[in-house]
Amino acid sequence: MSKLAYRRILLKLSGEALMGDEDYGIDPKIIHRIAAEVMEAQQAGCEIALVVGGGNIFRGAGLAAGGMDRVTGDHMGMLATVINALAMQDALEKLGGKARVMSAIKINDVCEDYIRRRAIRHLEKGRLVIFAAGTGNPFFTTDSGAALRAIEIGADLLLKATKVDGIYNKDPKKHPDAVRYDTLTYDEVINNGLEVMDTAAFALARDSDLPLRVFDMSQPGELLRILQGEPIGTLVRGRNHH
Ligand code: UDP
């Protein structure tokens, strides 16, 4: 077994990542493929926690734009992340993995409550942990939930899977001459006006010196290669990392 560069990581998947080519909801083929990659990375020896978003079902801000109370909309968005987390748990279990969903909102009949020490214990015992319901509070996002949980469980790396293969100086879909960064510091992200995560998530990660890597999960095998130390995507470094 090749030695991995990371002992424990947190992987953030947006709800849209689970949608595949569908317009809404979950594409079973996509979630199966992602689960297989997570299992492969875990079997290589890394402890893996996941945070899943809910944007493929509901987002509070979108519901509020349609006239709904924002807090109610955010509650619906958080419940959407629980739906995705259950689907991810199922996909991992179908592949023989041991997985536990832990929710920031109490829904005891369908999953565990988030308890930090228990989450760490699950990871130590070789279980995959899926953190659902973000931070449990309205007006936050699952990016904030991912940064928060990564820090709480002492993850060595926060991995953010997106549809773009890293951080560019401008939107690569609109500008063919956009340039991708290999590494950045948190200060460089701010100084260059780059958008990587929302402000709350970004501030948490920066203040805790949490290394963040942004990559494209649709490229098969990249998760494992990143854990083996390959510089795929863009790394945002904390002050004390080089
Ligand atoms: N949400 C929230 N608090 C949190 C995390 C999520 O209120 O701590 C709600 C919010 O409405 C958000 C929705 O859940 O829009 C889905 O999460 P997110 O938009 O982060 O999902 P993603 O874009 O990653 O699919």
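Any Cβ shown, glycine's included, is placed from N, Cα and C.
TrEMBL annotations: computationally assigned, not manually curated.
What you see is a predicted model, and the numbers here were worked out from it, not measured in a lab.
Marked as ATP binding site by TrEMBL: LYS12, LEU13, SER14, GLY15, GLY55, ARG59, THR162, TYR168, ASP171. Summarising the annotation, TrEMBL assigns UMP binding site to GLY54, ASP74, THR135, GLY136, ASN137, PRO138, PHE139, PHE140, THR141, THR142. According to TrEMBL, the domain 'Aspartate/glutamate/uridylate kinase' annotation covers 8-216.
Just so you know, of the binding-site residues SER14, ASN137, THR162, the Cβ with the fewest other Cβ atoms around it within 10 Å is the one at ASN137. Over all protein chains present, the Cβ of ASP171 (ATP binding site) has 10 other Cβ atoms lying within 10 Å. Rounded to a whole number, the C-alpha distance linking SER14 (ATP binding site) with GLY54 (UMP binding site) is 7 angstrom. Note: the UMP site is recorded as GLY54, ASP74, THR135, GLY136, ASN137, PRO138, PHE139, PHE140, THR141, THR142; in the same chain, GLY60, GLY77, MET78, ALA133, GLY134, SER144, GLY145 also have Cβ atoms within 8 Å of that site's Cβ centroid. Taking a Cβ cut-off of under 6 Å from any atom of ligand 1, the binding-site residues SER14, GLY54, GLY55, THR135, THR141, ASP171 reduce to SER14, GLY54, GLY55, THR135, THR141. Taking the Cα atom of each, ASN137 (UMP binding site) and GLY55 (ATP binding site) are about 16 angstrom apart.
Shown in sequence order, GLY15, GLY77, MET78, LEU79, ALA80, THR81, ILE83, ASN84, THR142 are the residues of the chain, 6+ apart in sequence, with a C-beta less than 8 angstroms from the C-beta of GLY54 (UMP binding site). Computed over the domain 'Aspartate/glutamate/uridylate kinase' (8-216), the whole-number mean pLDDT of the model equals 96.
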